[in-house]
Every structure is written in C-alpha cells, then in structure tokens.
C-alpha cells in the first residue's frame, strides 16, 4: 500500500487552478491571444512611420533675385554691383526659402527640416522613445491596479486619438509633443496586451503565446511600406496608421479581464464567470466544486496585494536582485539589437523594399525562439543568445583591422549577431513576465522597459563614438551582449512552472485532480 500511494502521488500533476479548470490552451485562448497579438500592428506602424514622414527629399534654394546659388542649397552668395557673384565668405547668406523636388508632402518639406534644422528630424523619434521609457512603467502600475483589459482598451483609445491629432498638427513643435505622448500610450498597448495574453494560457503555451505575440510586428513593417508607397502625403499616411486601431475598441465586448489577476485580488465571482464562459467555448467541463475551491482565496491578505507599487520591486533582497539584473538585461538587449539595426539597416536602394526586408528577417528568429524555449527553458537560451551575439560582434572588430577586402566576413558576423539578439529580444519579455508575480507583473515589465528606453535614446549617439575609434561602437555592443547574457545566469528558471500570483512568489491557488475526480485546493503549497 505505501508503494501504491507513492506511485499515485507521482502521477498527480499539480497545476494552477486556471489551467486545470479550462485547459492550458483551447479555442477560447486561441481566439483571444490572436486578437491581442494584432494590436502590435498599429503600434509598429506608429514606431516606424517617421521613416516615411521624414524621408529625404532633394531641394534647391529659391530666394529672390539679387543672389547667386551655391553648390550647397542651404547658402547663397550676394551679387556685386556689376552683376557678378561674390564668392568671399563675407558675401554668403543663409537661404530662407526652398523648393523640394519630387512628389508628395513630408514633414521635412512642410516644416523645412533641412540645413541647420535637419537635426530636428530625430527629435520626434527621440521624444517618442522618451514616452516609451516612462509609459512602460506608469502603464504597468495602472494595469496592475485597475486591470489589464481596461488599461489596454483605454490606451488604444488614446493612441488612436493622439495619432489622428498628429495628422492635423500645424506646427512641428506640436508634432513632437504629440509623438511623445503617443509613445507613452503605445507601449502601454503592447505591454498590457502581452501580459493579458500570457495570463490566459498555461504550461508551455505561455512560451508559444508570448513569442507568437511578436509575429504581427513583422507584418506591421511590411504593410506600412505598401501604405507609404500609395500615400505620399505624410498627413494621409498618419491617418491611415491611426484610424484602423479604433476597430480594436470592439474587443471590449470580447476580451475578458485576466482571471489570474482577478484571482490574485480575491475577486472569485468574476473569475468563476470567466472560467464558465471559457469552459463552454472550449467544450470542457469545469471541475466539481470549483466555486468552493476559489472561496478561501478571500482569506488572502488582499490589502497587501492591492496596495502594490514600484517599491515592491525592491522590497526584498531576492526581488531587488531580480529587478536590477532584469534592468541590465533589457538595457543590453535593446542597445545591441537597435545598435546593430542602425548599422546593418543602411542597405541603400529603395526605402520601401528595405522596410519589407526588415520585417521578413525577423520571422525566422522569432519562430526559432519558440522551439528554443520549449526545448531549453528560458534562462540558458536567453543567456546564450545574448553572449553569442556579443561574441560575433566582437569577432568583426579584428577582421576589420586585418583587411579591407573581407567585408563579406564582417557582414556575416554582424548578421549572425543580429539574428541571435533578435531571438533574445523575443525571449526576454516572456522570461521577465514569468519572473514577476501576477499582482506586480505589469509593474515589473514596465520598470524593465525604462532602461530599455534609455538604451534606445542612446543608440543614435553610439555610432558617434567612431570619432574616437572606428571599432568602439562594436566593442560597446559586444561588452553589453556578453555581460548581459552572463547576468541572466543569476536568475532562476521559470519554464513550465506555474505563474506566481502573490508577492511571496507562490500561486494564489493550485488544484490537484485525484483519481476519483475530486478537486483538492492547494494554497501556499499545502493541501486542504
């Protein structure tokens, strides 16, 4: 009998109560996670659209008669009394009016972002990324306090409104301010949708869902190329990327609130209603006495769970270490990924074709990440892809010293580095979300996004280090890749573990199905 009891206990697989009730993945989860992943498309459009808003245009000076044009359209020379052009430096004047060649309207031509105002082109995107850095943290706090669904839908509404207002901005200064606000709410859309998606599924489907959530990003890059090709007026293009997002507001009638978030707060009646709807859609019977197994959750310290904030990320030594390491990892991944994109993205040729290629090359890296995570967990794949990315970036440095005729080898190393860091970029959000408990998951992901946003804002200046030494940017990239990857090894593995729900790191409730079908509640690792 003792041996039989031991074998029986080994056969009993403990699962979190959500997955046990409705299954780890079914038709209900497939429909909802697919809808949630599509919100990435408008967000990708908003991130990438300045590339077309400010595309380069040839121009000539059209100042009045009495001056002479120069080879530089930013400057003109004065005429002498006999009608000849003066060429000395004292006769050079700044041009005040220009004529832009080619068709279409861009912010470059409308706001004269040329000559001494050319540096303003990057300002709008820098402000957008500043909004991303702040918005990731703030939206995480709001989402963990008021729910994933409400935060997501409210952010989509504001995103569409701001995007539409940008299309009518009469001044460049207003354009920049609106772009900053847009970045704030766009990252809220991405993160709220991501966290809600992975909280609807269980087991290894968290991996598949979390990575698959990024697939529409590639579609966003490809589709905006076609939209920009057909709409050569930046205001029309801005409307085209803003208005379709309003369709997602209809998701209010489809999307549920995260049952894991509700469960962590003890709102068991709402959880039960969602589970009943999900089970009906998945054609699955709910476990017997499920409502009774949920009732004791009200005995949890709800005040502690509801009054959470950023300080809880540093409350204990373990949580503090986890948060600081994740900040380093996010900074490193974004610095390496976008640092390489800026270097390898200068392909020449057609802007629209290149934007399609940018989307296409991301697909295999994201797809490969799914297989890696299923087979190898989270920690080691993230560590190795970051380290290998840093190593290949470093290998390109001595090759550039040896010979100028080995560009093909340098390009190979750089592409390999970019492929690896693309995989890291796909793994990282899933791993981060699984490391934090439900009650502060969005706060944790949002806090990690702050150093990521700082890295994004530093990337344009990274390549200015070539003024000190041509290999310095790649050296910085390789260091952050290797150091960031090594730091991952100080974090715990999360693969196939139940998502922690409460601040003590345990699921709010678990259930174990016995051989007679009875559902036993397991709370804080104790059966009751």
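Keep in mind that glycine also has a Cβ here, set from the backbone N, Cα and C atoms.
TrEMBL assigns the feature transmembrane segment to one of the listed ranges (76-94, 95-113, 152-170), namely 152-170. The transmembrane segment (120-140) and the transmembrane segment (443-462) are in contact, since at least 3 Cβ pairs between them lie under 8 Å (pairs 6 or more apart in sequence). Most Cβ pairs under 8 Å with the transmembrane segment (474-491) belong to 381-402, among the candidate stretches 30-48, 152-170, 176-198, 210-230, 381-402. The list of residues near the transmembrane segment (381-402) in space but at least 6 beyond its ends in sequence, with Cβ under 8 angstroms from a Cβ of it, reads 329, 332-333, 336, 340, 369, 372-373, 409-410, 413-414, 416-418, 420-421, 423-424, 427-428, 431, 470-471, 474-475, 477-486, 488-489. Sequence-distant residue pairs (6 or more apart) of the transmembrane segment (176-198) and the transmembrane segment (30-48) include at least 3 whose Cβ atoms are under 8 Å, placing the two stretches in contact.
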